[in-house]
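Per TrEMBL, the feature domain 'DOMON' maps to 67-182. Positions annotated as domain 'Cytochrome b561' by TrEMBL: 183-380. For 227-246, 253-278, 284-307, 327-347, 353-375, the entry in TrEMBL reads transmembrane segment.
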Amino acid sequence: MAKILSFDVEITRKAESGGSMERVPLSKQGDNLDSDGSNALCKTDLTSFLPFPYSTLPGMVCRPLWNSYLLRYSHSKNNEITIVLSTIYTSGWVGIGFSRDGMMLNSSCMVGWVNLEGRGRIKQYFVKGFTPSEIKPDEGELPLTNVPPFVSLQGATIYLAFQLKYNKTLKTQPILLAFSTKTPHHHHLTVHDDKTTIYFDFSSGNTDSSVDLSRSILKDRRTHGTLALLAWGLFLPVGAILARYLKHKDRRWYYLHVVFQFIGFLLGVAAVVVGLSLNNTFHAFISAHKGIGIFVLVLTILQVLAFFSRPSQDSKYRRYWNWYHNWAGRICLFFAAVNIVLGMHIASGGQAWRVGYGFLLGSILVTVIILEALLRLQRSREHDNHPPFSMSSMEQEISL
(Lines of atoms letter the chains of each structure in order from A; the text may use other names.)
(Lines give C-alpha, C1' and ligand atoms only; values in the text may rest on other atoms or scores of the structure.)
Protein backbone atom coordinates (compact mmCIF):
# COMPACT_ATOMS: atom_id res chain seq x y z
CA MET A 1 0.00 0.00 0.00
CA ALA A 2 1.31 3.45 -0.87
CA LYS A 3 2.23 5.57 2.13
CA ILE A 4 0.40 8.92 2.26
CA LEU A 5 2.74 11.57 3.63
CA SER A 6 2.74 15.33 3.87
CA PHE A 7 5.56 17.50 5.15
CA ASP A 8 5.84 21.03 6.58
CA VAL A 9 9.05 22.98 6.14
CA GLU A 10 9.93 26.57 6.97
CA ILE A 11 10.73 28.59 3.86
CA THR A 12 12.98 31.62 3.80
CA ARG A 13 12.38 33.71 0.71
CA LYS A 14 15.55 35.14 -0.75
CA ALA A 15 14.20 38.42 -2.10
CA GLU A 16 15.96 40.21 -4.89
CA SER A 17 17.82 43.34 -3.78
CA GLY A 18 15.69 46.42 -4.10
CA GLY A 19 12.20 44.96 -3.76
CA SER A 20 9.89 42.01 -3.45
CA MET A 21 9.16 39.41 -6.09
CA GLU A 22 6.41 40.15 -8.59
CA ARG A 23 3.67 37.57 -9.11
CA VAL A 24 3.94 36.54 -12.74
CA PRO A 25 2.25 33.48 -14.31
CA LEU A 26 4.71 30.64 -14.75
CA SER A 27 3.99 30.34 -18.44
CA LYS A 28 5.28 33.92 -18.92
CA GLN A 29 8.47 33.63 -16.92
CA GLY A 30 10.70 32.77 -19.80
CA ASP A 31 11.11 30.43 -22.70
CA ASN A 32 11.91 26.75 -22.42
CA LEU A 33 15.28 26.00 -20.93
CA ASP A 34 18.04 25.91 -23.50
CA SER A 35 20.88 23.42 -23.24
CA ASP A 36 23.33 25.88 -21.63
CA GLY A 37 20.77 27.10 -19.10
CA SER A 38 19.66 23.61 -18.13
CA ASN A 39 23.26 22.43 -17.79
CA ALA A 40 24.01 25.31 -15.44
CA LEU A 41 20.92 24.58 -13.33
CA CYS A 42 21.75 20.89 -13.22
CA LYS A 43 25.04 21.81 -11.50
CA THR A 44 23.22 23.57 -8.64
CA ASP A 45 24.48 22.39 -5.25
CA LEU A 46 21.49 20.75 -3.57
CA THR A 47 23.25 19.95 -0.31
CA SER A 48 22.74 23.46 1.05
CA PHE A 49 18.94 23.30 1.15
CA LEU A 50 17.79 19.68 0.60
CA PRO A 51 18.20 16.89 3.18
CA PHE A 52 19.58 13.43 2.45
CA PRO A 53 18.87 11.52 0.22
CA TYR A 54 17.63 14.35 -2.03
CA SER A 55 20.83 16.37 -1.66
CA THR A 56 23.08 13.62 -3.06
CA LEU A 57 21.78 11.74 -6.07
CA PRO A 58 24.19 8.99 -7.24
CA GLY A 59 24.27 8.79 -11.03
CA MET A 60 21.87 11.72 -11.22
CA VAL A 61 20.02 12.30 -14.49
CA CYS A 62 18.95 15.91 -15.06
CA ARG A 63 16.63 16.84 -17.93
CA PRO A 64 14.46 19.86 -18.84
CA LEU A 65 10.80 18.91 -19.33
CA TRP A 66 8.49 21.83 -20.07
CA ASN A 67 8.72 25.61 -19.65
CA SER A 68 11.02 26.01 -16.62
CA TYR A 69 10.38 22.52 -15.24
CA LEU A 70 13.63 20.63 -14.59
CA LEU A 71 13.66 16.98 -13.52
CA ARG A 72 16.47 15.40 -11.50
CA TYR A 73 16.29 11.75 -10.56
CA SER A 74 18.43 8.84 -9.46
CA HIS A 75 17.84 5.07 -9.60
CA SER A 76 18.97 2.59 -6.96
CA LYS A 77 19.52 -1.15 -7.31
CA ASN A 78 16.32 -2.05 -5.43
CA ASN A 79 14.11 -0.11 -7.89
CA GLU A 80 13.91 3.00 -5.76
CA ILE A 81 13.83 6.27 -7.67
CA THR A 82 14.56 9.59 -5.97
CA ILE A 83 13.03 12.57 -7.75
CA VAL A 84 13.69 16.30 -7.42
CA LEU A 85 11.49 18.54 -9.57
CA SER A 86 12.27 22.25 -9.79
CA THR A 87 10.66 25.19 -11.56
CA ILE A 88 10.23 28.95 -11.35
CA TYR A 89 7.80 29.90 -8.57
CA THR A 90 6.16 33.06 -7.34
CA SER A 91 2.80 31.91 -5.96
CA GLY A 92 0.18 29.17 -6.18
CA TRP A 93 1.15 25.53 -6.57
CA VAL A 94 3.17 23.30 -8.90
CA GLY A 95 2.68 19.60 -9.41
CA ILE A 96 3.86 16.46 -11.16
CA GLY A 97 1.49 13.58 -11.76
CA PHE A 98 1.98 9.93 -12.67
CA SER A 99 -0.71 8.56 -14.96
CA ARG A 100 -1.53 5.06 -16.17
CA ASP A 101 -2.70 6.13 -19.60
CA GLY A 102 -1.60 9.73 -20.06
CA MET A 103 -4.95 11.06 -18.82
CA MET A 104 -5.48 13.28 -15.79
CA LEU A 105 -8.35 11.12 -14.49
CA ASN A 106 -7.21 8.48 -11.95
CA SER A 107 -3.68 9.89 -11.83
CA SER A 108 -1.65 10.35 -8.63
CA CYS A 109 0.22 13.62 -8.14
CA MET A 110 2.78 15.25 -5.89
CA VAL A 111 1.95 18.93 -5.40
CA GLY A 112 4.00 21.57 -3.61
CA TRP A 113 3.39 25.19 -2.65
CA VAL A 114 4.26 27.89 -0.12
CA ASN A 115 1.38 29.16 1.98
CA LEU A 116 0.79 32.75 3.05
CA GLU A 117 2.74 32.16 6.28
CA GLY A 118 5.83 31.18 4.31
CA ARG A 119 5.58 27.48 5.11
CA GLY A 120 6.18 24.92 2.43
CA ARG A 121 3.70 22.16 1.85
CA ILE A 122 3.89 19.01 -0.26
CA LYS A 123 1.15 16.43 -0.53
CA GLN A 124 0.03 13.54 -2.64
CA TYR A 125 -3.30 13.93 -4.43
CA PHE A 126 -5.54 11.51 -6.29
CA VAL A 127 -7.54 12.79 -9.27
CA LYS A 128 -10.99 11.22 -9.04
CA GLY A 129 -12.63 13.78 -11.31
CA PHE A 130 -12.16 17.10 -13.05
CA THR A 131 -13.49 19.50 -10.42
CA PRO A 132 -11.42 20.81 -7.48
CA SER A 133 -13.59 18.88 -5.00
CA GLU A 134 -12.67 15.63 -6.76
CA ILE A 135 -8.91 16.19 -6.36
CA LYS A 136 -8.44 14.29 -3.10
CA PRO A 137 -5.57 15.26 -0.74
CA ASP A 138 -3.63 12.56 1.10
CA GLU A 139 -4.83 9.95 -1.35
CA GLY A 140 -3.12 8.33 -4.31
CA GLU A 141 -1.32 5.28 -5.63
CA LEU A 142 2.29 6.47 -5.70
CA PRO A 143 4.55 3.94 -3.89
CA LEU A 144 6.17 6.49 -1.56
CA THR A 145 8.95 5.24 0.69
CA ASN A 146 9.47 6.05 4.38
CA VAL A 147 11.61 9.04 3.40
CA PRO A 148 9.39 12.11 3.92
CA PRO A 149 8.77 14.27 0.84
CA PHE A 150 10.37 17.70 1.01
CA VAL A 151 9.77 21.12 -0.53
CA SER A 152 12.19 24.05 -0.58
CA LEU A 153 12.09 27.53 -2.08
CA GLN A 154 15.42 29.03 -3.11
CA GLY A 155 15.10 32.49 -4.58
CA ALA A 156 12.51 32.18 -7.34
CA THR A 157 12.89 28.40 -7.72
CA ILE A 158 10.84 25.80 -5.87
CA TYR A 159 12.09 22.24 -5.38
CA LEU A 160 9.76 19.26 -4.87
CA ALA A 161 11.57 16.13 -3.64
CA PHE A 162 10.14 12.66 -3.03
CA GLN A 163 11.15 9.01 -3.29
CA LEU A 164 9.28 6.09 -4.86
CA LYS A 165 9.86 2.34 -4.78
CA TYR A 166 8.52 0.12 -7.56
CA ASN A 167 8.44 -3.64 -8.00
CA LYS A 168 10.43 -3.28 -11.21
CA THR A 169 12.53 -0.68 -12.96
CA LEU A 170 10.50 2.36 -13.95
CA LYS A 171 10.69 2.82 -17.72
CA THR A 172 8.38 4.83 -19.97
CA GLN A 173 5.92 6.75 -17.82
CA PRO A 174 3.24 9.31 -18.73
CA ILE A 175 3.97 12.42 -16.65
CA LEU A 176 1.50 15.24 -16.04
CA LEU A 177 2.90 18.70 -15.29
CA ALA A 178 0.62 21.49 -14.09
CA PHE A 179 0.62 24.74 -12.13
CA SER A 180 -1.66 27.41 -10.75
CA THR A 181 -0.92 30.91 -9.48
CA LYS A 182 -3.61 30.58 -6.78
CA THR A 183 -2.59 29.09 -3.45
CA PRO A 184 -4.53 25.99 -2.26
CA HIS A 185 -7.18 26.69 0.38
CA HIS A 186 -7.31 24.17 3.23
CA HIS A 187 -5.24 21.79 1.07
CA HIS A 188 -7.81 21.89 -1.73
CA LEU A 189 -6.24 22.70 -5.07
CA THR A 190 -7.44 25.47 -7.31
CA VAL A 191 -7.97 24.91 -11.04
CA HIS A 192 -4.67 24.74 -12.93
CA ASP A 193 -3.62 27.62 -15.18
CA ASP A 194 -1.83 25.32 -17.61
CA LYS A 195 -0.81 21.70 -17.94
CA THR A 196 0.88 19.24 -20.28
CA THR A 197 1.52 15.52 -20.65
CA ILE A 198 4.95 14.07 -21.41
CA TYR A 199 5.90 10.43 -21.96
CA PHE A 200 9.25 10.24 -20.23
CA ASP A 201 11.64 7.30 -20.48
CA PHE A 202 13.20 6.94 -17.03
CA SER A 203 15.44 4.12 -18.23
CA SER A 204 17.29 6.35 -20.70
CA GLY A 205 16.48 9.84 -19.47
CA ASN A 206 16.51 11.08 -23.05
CA THR A 207 14.08 13.96 -23.35
CA ASP A 208 14.34 13.99 -27.13
CA SER A 209 13.29 10.36 -27.34
CA SER A 210 10.56 11.11 -24.82
CA VAL A 211 9.12 13.77 -27.10
CA ASP A 212 9.39 11.44 -30.07
CA LEU A 213 7.81 8.66 -28.05
CA SER A 214 4.97 10.96 -27.02
CA ARG A 215 4.28 11.80 -30.65
CA SER A 216 4.58 8.14 -31.61
CA ILE A 217 2.11 7.08 -28.90
CA LEU A 218 -0.38 9.74 -29.94
CA LYS A 219 -0.05 8.54 -33.54
CA ASP A 220 -0.53 4.92 -32.46
CA ARG A 221 -3.63 5.85 -30.47
CA ARG A 222 -5.16 7.44 -33.56
CA THR A 223 -4.15 4.41 -35.62
CA HIS A 224 -5.69 2.04 -33.06
CA GLY A 225 -8.94 3.99 -33.02
CA THR A 226 -9.13 4.31 -36.80
CA LEU A 227 -8.52 0.59 -37.39
CA ALA A 228 -11.06 -0.44 -34.76
CA LEU A 229 -13.67 1.96 -36.13
CA LEU A 230 -13.17 0.74 -39.70
CA ALA A 231 -13.23 -2.93 -38.65
CA TRP A 232 -16.12 -3.13 -36.17
CA GLY A 233 -17.81 0.13 -37.06
CA LEU A 234 -17.92 -0.17 -40.84
CA PHE A 235 -16.76 -3.32 -42.66
CA LEU A 236 -18.13 -6.01 -40.32
CA PRO A 237 -21.56 -4.36 -39.87
CA VAL A 238 -21.87 -3.76 -43.63
CA GLY A 239 -20.88 -7.39 -44.28
CA ALA A 240 -23.59 -8.58 -41.90
CA ILE A 241 -26.15 -6.31 -43.60
CA LEU A 242 -25.24 -7.73 -47.01
CA ALA A 243 -25.73 -11.29 -45.76
CA ARG A 244 -29.10 -10.69 -44.14
CA TYR A 245 -30.83 -8.39 -46.60
CA LEU A 246 -29.35 -9.23 -50.01
CA LYS A 247 -29.36 -13.00 -49.73
CA HIS A 248 -32.57 -13.41 -51.75
CA LYS A 249 -31.92 -10.55 -54.18
CA ASP A 250 -28.38 -10.92 -55.49
CA ARG A 251 -26.42 -14.13 -56.05
CA ARG A 252 -23.20 -12.29 -55.35
CA TRP A 253 -24.18 -11.56 -51.72
CA TYR A 254 -22.08 -14.41 -50.42
CA TYR A 255 -18.86 -13.23 -52.04
CA LEU A 256 -19.49 -9.63 -50.96
CA HIS A 257 -20.19 -10.87 -47.43
CA VAL A 258 -16.94 -12.87 -47.32
CA VAL A 259 -14.85 -9.99 -48.71
CA PHE A 260 -16.23 -7.42 -46.26
CA GLN A 261 -15.89 -9.77 -43.28
CA PHE A 262 -12.35 -10.77 -44.22
CA ILE A 263 -11.25 -7.14 -44.58
CA GLY A 264 -12.95 -6.28 -41.28
CA PHE A 265 -11.24 -9.22 -39.59
CA LEU A 266 -7.78 -8.12 -40.77
CA LEU A 267 -8.40 -4.54 -39.68
CA GLY A 268 -9.66 -5.75 -36.30
CA VAL A 269 -6.59 -7.89 -35.70
CA ALA A 270 -4.39 -4.93 -36.63
CA ALA A 271 -6.31 -2.71 -34.20
CA VAL A 272 -5.79 -5.20 -31.36
CA VAL A 273 -2.07 -5.53 -32.14
CA VAL A 274 -1.62 -1.75 -32.03
CA GLY A 275 -3.69 -1.59 -28.84
CA LEU A 276 -1.60 -4.23 -27.09
CA SER A 277 1.55 -2.43 -28.20
CA LEU A 278 0.25 0.78 -26.62
CA ASN A 279 -0.61 -1.11 -23.43
CA ASN A 280 2.91 -2.55 -23.24
CA THR A 281 4.47 0.86 -23.88
CA PHE A 282 3.01 2.74 -20.91
CA HIS A 283 1.24 -0.04 -18.97
CA ALA A 284 -2.20 1.60 -19.06
CA PHE A 285 -4.70 0.22 -16.55
CA ILE A 286 -7.85 0.13 -18.70
CA SER A 287 -9.13 -3.34 -17.90
CA ALA A 288 -12.69 -2.81 -19.19
CA HIS A 289 -11.62 -1.58 -22.64
CA LYS A 290 -8.92 -4.23 -22.91
CA GLY A 291 -11.20 -7.04 -21.70
CA ILE A 292 -14.07 -6.16 -24.04
CA GLY A 293 -11.61 -5.80 -26.92
CA ILE A 294 -10.20 -9.28 -26.39
CA PHE A 295 -13.74 -10.71 -26.02
CA VAL A 296 -14.78 -9.10 -29.32
CA LEU A 297 -11.63 -10.38 -31.04
CA VAL A 298 -12.29 -13.93 -29.82
CA LEU A 299 -15.86 -13.79 -31.17
CA THR A 300 -14.55 -12.45 -34.47
CA ILE A 301 -12.05 -15.30 -34.74
CA LEU A 302 -14.80 -17.82 -33.94
CA GLN A 303 -16.89 -16.32 -36.73
CA VAL A 304 -14.01 -16.80 -39.17
CA LEU A 305 -13.52 -20.39 -38.01
CA ALA A 306 -17.24 -21.00 -38.44
CA PHE A 307 -16.83 -20.16 -42.12
CA PHE A 308 -14.59 -23.20 -42.56
CA SER A 309 -16.93 -25.51 -40.61
CA ARG A 310 -20.16 -24.47 -42.30
CA PRO A 311 -22.42 -27.52 -42.94
CA SER A 312 -23.99 -28.05 -46.36
CA GLN A 313 -27.49 -26.79 -47.15
CA ASP A 314 -28.89 -30.30 -46.80
CA SER A 315 -27.30 -30.98 -43.41
CA LYS A 316 -29.59 -31.29 -40.42
CA TYR A 317 -27.10 -29.16 -38.45
CA ARG A 318 -27.33 -26.22 -40.85
CA ARG A 319 -30.14 -24.46 -38.96
CA TYR A 320 -28.16 -24.64 -35.68
CA TRP A 321 -25.10 -23.31 -37.44
CA ASN A 322 -27.20 -20.43 -38.78
CA TRP A 323 -28.49 -19.57 -35.30
CA TYR A 324 -25.01 -19.63 -33.82
CA HIS A 325 -23.47 -17.60 -36.67
CA ASN A 326 -26.21 -14.97 -36.57
CA TRP A 327 -26.30 -14.39 -32.82
CA ALA A 328 -22.54 -14.59 -32.28
CA GLY A 329 -22.16 -11.92 -34.95
CA ARG A 330 -24.79 -9.68 -33.39
CA ILE A 331 -23.26 -9.99 -29.92
CA CYS A 332 -19.82 -9.25 -31.37
CA LEU A 333 -21.00 -6.08 -33.14
CA PHE A 334 -22.91 -4.87 -30.06
CA PHE A 335 -19.94 -5.15 -27.71
CA ALA A 336 -17.65 -3.72 -30.40
CA ALA A 337 -19.83 -0.59 -30.58
CA VAL A 338 -19.77 -0.30 -26.79
CA ASN A 339 -15.98 -0.65 -26.77
CA ILE A 340 -15.50 1.97 -29.49
CA VAL A 341 -17.46 4.48 -27.41
CA LEU A 342 -15.52 3.47 -24.29
CA GLY A 343 -12.23 3.85 -26.14
CA MET A 344 -13.10 7.34 -27.32
CA HIS A 345 -14.02 8.27 -23.74
CA ILE A 346 -10.74 6.92 -22.34
CA ALA A 347 -8.66 8.66 -25.00
CA SER A 348 -10.66 11.89 -24.59
CA GLY A 349 -11.56 11.73 -28.26
CA GLY A 350 -12.31 15.08 -29.80
CA GLN A 351 -15.61 16.29 -31.19
CA ALA A 352 -14.70 15.09 -34.68
CA TRP A 353 -14.30 11.48 -33.50
CA ARG A 354 -17.58 11.49 -31.61
CA VAL A 355 -19.58 13.16 -34.35
CA GLY A 356 -18.01 10.96 -37.02
CA TYR A 357 -18.73 7.69 -35.24
CA GLY A 358 -22.16 8.89 -34.16
CA PHE A 359 -23.04 9.64 -37.78
CA LEU A 360 -21.67 6.26 -38.94
CA LEU A 361 -23.49 4.30 -36.23
CA GLY A 362 -26.70 6.23 -36.77
CA SER A 363 -26.58 5.63 -40.52
CA ILE A 364 -26.09 1.90 -40.03
CA LEU A 365 -28.96 1.67 -37.50
CA VAL A 366 -31.34 3.60 -39.77
CA THR A 367 -30.36 1.38 -42.71
CA VAL A 368 -30.95 -1.78 -40.67
CA ILE A 369 -34.35 -0.56 -39.45
CA ILE A 370 -35.52 0.24 -42.98
CA LEU A 371 -34.20 -2.99 -44.49
CA GLU A 372 -35.59 -5.08 -41.60
CA ALA A 373 -39.02 -3.52 -42.09
CA LEU A 374 -38.92 -4.24 -45.82
CA LEU A 375 -37.75 -7.82 -45.18
CA ARG A 376 -40.55 -8.53 -42.74
CA LEU A 377 -43.07 -7.00 -45.11
CA GLN A 378 -41.79 -9.24 -47.90
CA ARG A 379 -41.97 -12.32 -45.65
CA SER A 380 -45.49 -11.41 -44.63
CA ARG A 381 -46.55 -11.27 -48.27
CA GLU A 382 -44.86 -14.56 -49.04
CA HIS A 383 -46.51 -16.11 -46.00
CA ASP A 384 -49.91 -15.12 -47.38
CA ASN A 385 -49.08 -16.79 -50.70
CA HIS A 386 -47.93 -20.11 -49.19
CA PRO A 387 -49.47 -22.69 -46.86
CA PRO A 388 -48.87 -21.93 -43.16
CA PHE A 389 -46.48 -24.85 -42.70
CA SER A 390 -44.63 -24.78 -46.02
CA MET A 391 -40.98 -25.70 -45.88
CA SER A 392 -39.97 -22.61 -47.85
CA SER A 393 -41.31 -20.19 -45.25
CA MET A 394 -39.67 -22.16 -42.44
CA GLU A 395 -36.32 -22.11 -44.22
CA GLN A 396 -36.56 -18.36 -44.65
CA GLU A 397 -37.21 -17.84 -40.94
CA ILE A 398 -34.02 -19.62 -39.91
CA SER A 399 -31.82 -18.18 -42.65
CA LEU A 400 -29.86 -14.96 -42.64
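Glycine is treated like the rest: Cβ placed from N, Cα and C.
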Report the listed stretch (284-307, 327-347, 353-375) having the maximum count of Cβ pairs within less than 8 Å of the transmembrane segment (227-246).
327-347
Mind tallying the domain 'DOMON' (67-182) by DSSP state, helix then strand then coil?
3 helix, 65 strand, 48 coil
Can you check how the pLDDT averages out over the domain 'Cytochrome b561' (183-380)?
83
